[in-house]
Amino acid sequence: MSAEASTNSSPSSSSGAVPPYPSKMARTEVGNPDVRAGSVGSGCSSADEDEDVEYCENSPWVFIPEPVFGKIFLALEPRDIMRAGQTCKRWNKLSRDEYIWRKYFQREFNVEASIGLKPGAESWRAEYKRLTDNVPMVMTDVLTNHSHQVLHVSFSHNGKMFATCSKDGFVIVWNSAYPSTIRDSYDMRKLSWKYTQFSQFNQSDTLLLVSGVHFGAPHSTSGEIAVFTVQGGFRLKCRVANRPYDIFGSWFSDQHLLSGDLNWLAHLVSTSFLWLNKANQEVDSEHTPIRNQMYKFYNRNASSIRAIMVANCPWLNDESVAKKDECAGEGTSKTAVIDDDEDDRRIGNPLSHYQMNQDQAMDDVYRAGRGSYSSALPVNPDFIHRA
């Protein structure tokens, strides 16, 4: 009688959200004979095993709807959801849900929701794994030629060279083929530099821009940019003042680079200038400018222009196509349209092959002695930018 009472009272004590299960005694004696036989043979208590089974079967986590699981998993990191997938079969299935991994992918790689899975891809989870776990990270060389901290590394566009800048004052150009070997080096301390901090190859990989810090007062912001030839020997081609030194400089085209200057107007108020410099110093022609002011910025609150980056904007081509269609509809002459297209082709870095060919042709004419450069540096109107 007591056994029957205990068996019948078990369902009434169960929670309403969890389906009723038989008591441990009934399941042990009737529904699970293997456990009973195993417990006798092994000498272990069947109560502990039954408690584990009952916890897994009666746990409220088993009955949580899948949308709730999705919200919980999206609040976790990908590595955490992989660990959660090892808990049970249901969690493992939910941890592989494509909706969850698509959200992870869009969040991690900043992909718009309208962009679908690329053709040929297995799944969002496989793509996420490919772009995170399968990224090649193999240490091939340990380069110990610098005697101080390395501040910057830049690769050439063809991938055959890379340059390193260091606090030891050297700039070193390496051959990137295994094993890496030193191609050229230069001690910039000979030019009163404190250290080198930035380098960049031009688009044709024939010149190397190196930016550094000058020796001076402890709080001095004076810097300099040096341009070296990479092909046919590592020779210093020109030097350009750069202030403050953390403007770094940048290539504007294959033969022109940008540098900066700073003038204080009042307390916490200054003006920043961006200068367009020609990499080839025109020592033989006093009529050809080698430096031209491009932009002027008005700075407040002790702010100033820092790093410069020149980009090639693909949407400019789309705008030029739209402009061409509009001009054609209005009956604009073809010559004006061509002029606009040529201007667009001169925009951006890396620059177009058109501009590279033009610069190369001008250099060939000058070296052949048939004349000097016929065109000066491009002049852009100054404008005031209030920072």
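Using the three backbone atoms N, Cα and C, a Cβ is placed for every residue, glycine included.
Caution: TrEMBL annotation is automatic and unverified by curators.
Marked as region 'Disordered' by TrEMBL: 1-49. As annotated by TrEMBL, compositional bias 'Low complexity' applies to 1-18. The annotation domain 'F-box' is assigned in TrEMBL to 58-104. The annotation repeat 'WD' is assigned in TrEMBL to 143-175.
DSSP states for the repeat 'WD' (143-175), grouped as helix (H, G, I), strand (E, B) and coil, give 0 helix, 18 strand, 15 coil. With helix defined as DSSP H, G or I and strand as E or B, the domain 'F-box' (58-104) counts 34 helix, 0 strand, 13 coil.
Mean predicted confidence for the domain 'F-box' (58-104): the pLDDT average there is 84.
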